[in-house]
Structure formats: structure tokens, C-alpha cells
Amino acid sequence: MGFADLLDEVGGFGRYQWLHVTLISLPGLLMASQNLLNNFVSGIPEHHCSLLSNYSTVLTSLINKLFHFVFYLLFRYVEPQWQLLGANSSANASHAQTEECLDGWTYDRSEFLATTVSEWDLVCSLRPLKQMIQTIYMGGVLTGAIIYGGLSDRFGRRSVLIWSYLQLGVLGCSAALSPSYSAYCVFRFLSGMAVSGHLSICTPVEWIPTKERTIVGTLTSFFFTFGQMILAGLAYWLRDWRKLQVVTCAPQFLFFAYSWWYSESARWLVLNRRSDEALKSLHRVARINGKPEMIDKLTLEVLHSHMKKEIESSHSSFTAYDLLKTKGMRRISICLIAVWFSTSFAYYGLAMDLQKFGVSIYLMQIIFGAVDFPAKLLALGMLSYLGRRVSQAACLFLSALVIFTNIFVPTDMQTIRTTLACLGKGFTSASFTTVYLYTGELYPTVIRQTGMGFVSTFARVGSMAAPAVLILDEVLPALPSVVYGGAAVLAGFFACFLPETLNVPLPDTIEDVEEKW
């Protein structure tokens, strides 16, 4: 007998679990916004060199034509190229001397009213700084995964989660007041840390009975899917980066206010010699689930008898080294590193450059969000009937197949290429859903949060590396797709070596892992 039996005795998946999962999943509606916010906050408006801005609009337009600005290259001719003014002119000015814009920039406001790009002129030679914002943010997520995973194992899941809400609310709203590019990057880095504090906490899993974990994990991920579509609506409505920054971060104060209702993980409390608090939490769950008779039956002796093995194991302190120390844990950790890295690598390679598709960026965000629904429903069915291992490998192999197929589609067939990109994004999203649930089931309770933080760290590395790979299209247009697809194939093979956890009780100790797998 173990903790899973105690959960069944206090109501299984009852009213408390429904409330707990719902409240802890609601922030996911806006957590997705944080990861994809840079698509809109740093969107690149149509722009051209400013010239003699005091002139009338008509005269400025005429002068622009006389100097024949090459807008898409963000350069202008040093000397007027009068020969190009002829209606049927075939003159070649490709060898004429050009220079960067010296008079500032004029931005079209039809798609964006204001972005960080128009605020700080992140165009031409400064264009890489636009993507640097996302890289710095993901660096914060990476740092948070390392720090908060360990802190939650040491100080508890609930405390770290509550702090993460407050940190994101304060620093996220402060980012909207950034007076400079550098200040904004600092705030985004710290916001990324807070987001990781939320994403790496698996409190819901520890309160969910074994049989319901699959459907709960999948349905929870739909909050992130809805969040992507909500982001598109908010961005379309506001079209101003400072307002969008505030609107996506201010609700964190509401989440912070009600998060005090959460119960700390009873497993964690027992294993950290706080059995009295764990017993109170279990009594509270029994009362909310309509099982008041269990309050008198469930005593410290009963609790300790159910978790005797786990308590004995908890006397040892654990570090990230323990994730690689034994054979079973080492196999699990190495395989999960490959899966987390490749899933994130392919996902953000597809999701963070929406303007390249040539249609409305707001529409593309909605499409990219909507495609997650059928993909995750497919993942739910696979997880329930085929198991975790087959589902994880299949999602990775299918995403690689779609990415590779897109290489052979001609560039002028934009509709087909966009459709395939959406399918690829859907499969990588399903892979995220699977690996998040899978990781929580593979690692034992005594080191679960450390394990989650450790392997998700490599997901952040993948999300930081993904934008840099896009530069390879200057060498060969198909090269980024080859890299993204190749990584997914490799991770799919690693997933085949993970043990199956379908309908298997959560392991509580490292010894449990070694005995089972």
C-alpha cells in the first residue's frame, strides 16, 4: 500500500481535485502568452527611412520615389538614381553605392501601433536585437528551471508557486514601464524565471489518483492552447506593446491572491518530516470530497504505515547527481533530456517567426493555437490506449515527418507549406503534453521536482537555440528544417527506451524506480 491508496480513501478524484486542478490551470491561459509574447511585442512593422519629415506627405512621397529607396534591404542610394524614374526604364542600379538610413525611421501603424522594434528602432543592423529579447527571456526560463526545481523540493511546491505568481505580476507589469531596451531585457529575464517557477511545479500530479492522471494532464494542457488564442485576441485589440505587457501580466495578482487556498503536497510534507501538516491536508481533502468519516479513521499511524518505505528513503538528501547515479535513473534522465530538448527546439523553431508566412500574424497565431486541439485529443487517445512510450515516440516521429515533407514543397505553394507547418506545430505541442505528464510519472517523489527542473532545463536550451538555427537558411533554405526534423527523429529513438507508466502507481523512492524499471 502507498499514498495512492490514501487518495482513494479520501475520495479519489473528487470535488477537491476538480477545484485544485482548475485553479492551478487557470494561470496557464496567460503563461502561454509569456512564451509567445515576443511575436507581438517585438513585431516588425512595415518601415522606411524618414526623410525631411517637415515636408508634406505628398512631397515626402515624391522624394522617396526620386531616391528609389530599397525598403526590403533597409538601405538607400547615396546619390539619386534619376535613370530609374522612367516609366519603362530597364536601367540597372545594383552596383550603385548605398548607405544605411541616417534620418531615422517611419513605421506603418496599420498592423502595430507600437512595438519594441518601433520604440527603439530595432531594424537594419539592430534587427538581431529583436530576437535577442526572446533569447534572454528563455535564458530566464532556463535559470528558473534550475533554481525553482531545487527550491520546491527543499521548501515545498506551494511556496514556490505562490512566489512565482507574485514575481511575474510585479516584474511583468514593470517591464511595460521600461525606459530602455536594456531595462526591458532585464525584466523579461526575471519574468522568465517566474514562468519557469510555475511550469516546473507538478503539484496537480501529486494530488491526482493514478487512473485519472492521463486525462487531467491532457485537459490541463488545453489551458495553454486557449492561452495562445487569447494572446492573438489581446494583441489584435491593443496593438501596443506596453499595454499588451500589462494586460498579460496583471492577472497574476489574482492568481497570487487565491493561490493561498492550495494545499501543499502531502507526499512532500510526509517525506520532509511534517506529517502533522500532511494529515491536516488529507483531512481537508476528505472533508471537501464529502468523506468526513475518514477524518477519524486517518491518523498519523495509518499515514506512516502507508508511507513507511518512502519515509525511510527520505532520510537521505538528494541532488541532481542522483538523477544519473543509478542505472534506471540514468537511463530515464538521458532519454528525457533528448525528448525535452528536441520537443522545445522544434516547437519554438516553428512558433516564433509567424511573420514569415505572409498572412496576418494575428490569424496565424489563432491557427497555430487551434491546431493544438485535434493534436492533443489524438495524444489523449494514444496516452490512454497505447501508453506513454508509444505516444511520445509517435509524436516526435510524426513531427519530424511533417517538417521533412515541407522541405520538398515549392516555396510558391505557401498554403500547403503553412498547413504542414501547422501540423508540425500540433505534433510538437502534443509531444510537450506527453513529456510533461510522462516526466512526472517517471521520477520518484523524493526527487521529482529536481528531476523536472533538470530535464526541463534542456527544453529551455532548445528554445534558446531554435531562433539561432533560422540563420542557417542563408546558407541553404532547407537547412533549418533538416536540423529541426533531425533532432525530432533522434529524440524519438531515445523515447523508445523509456519505461512504460500507463496505470502504474507513482514511484516514491529511487529504489522503487530501480525495482520497477
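Just so it is clear, glycine is given a Cβ too, placed from its N, Cα and C backbone atoms.
Residues annotated as domain 'Major facilitator superfamily (MFS) profile' in TrEMBL: 60-503.
Long-range contacts of the transmembrane segment (132-151) within its own chain (CB-CB distance under 8 A, at least 6 residues past either end) are made by residues 34-35, 38, 41-42, 116, 160, 164, 184-185, 188-197, 199-201, 320, 348, 352, 449-454, 456-457, 459-461, 463-464, 467-468. The transmembrane segment annotation in TrEMBL covers 132-151 (among others).
The transmembrane segment annotation in TrEMBL covers 160-177 (among others). Through the fold, the transmembrane segment (160-177) approaches residues 24, 27, 34, 148, 151-152, 184, 187-188, 190-191, 193-195, 197-198, 201, 203, 241-243, 245-246, 248-253, 255-256, 259-260, 262 of its own chain, all at least 6 residues removed from its boundaries and within a Cβ separation under 8 Å.
Under the heading transmembrane segment, TrEMBL lists 215-238 (among others).
Taken from TrEMBL, the feature transmembrane segment covers 332-350 (among others).
Under the heading transmembrane segment, TrEMBL lists 362-383 (among others). Same-chain neighbours of the transmembrane segment (362-383): 36, 39-40, 214-215, 217-218, 221-222, 225-229, 231-232, 235-236, 350-351, 354, 390-391, 394-395, 418, 422-423, 425-427, 429-430, 433-434, 437, 502, counting only residues six or more beyond its ends whose CB sits under 8 Å from a CB of the stretch.
Feature annotation from TrEMBL assigns transmembrane segment to 390-409 (among others).
As annotated by TrEMBL, transmembrane segment applies to 478-498 (among others).
Counting residues 6+ beyond its ends, the transmembrane segment (215-238) has Cβ neighbours under 8 Å at 13, 17, 21, 25-26, 28-33, 36-37, 39-40, 204-205, 208, 244, 247-248, 362-363, 365-366, 368-370, 372-373, 376, 379-380, 383-384, 429, 432-433, 436-437, 440 in the same chain. Long-range contacts of the transmembrane segment (390-409) within its own chain (CB-CB distance under 8 A, at least 6 residues past either end) are made by residues 339, 342-343, 346, 379, 382-383, 416-417, 420-421, 423-424, 427-428, 430-431, 434-435, 438, 478, 481-482, 484-486, 488-489, 491-493, 495-496, 498. Taking the domain 'Major facilitator superfamily (MFS) profile' (60-503) as a whole, pLDDT averages 81 in the prediction.
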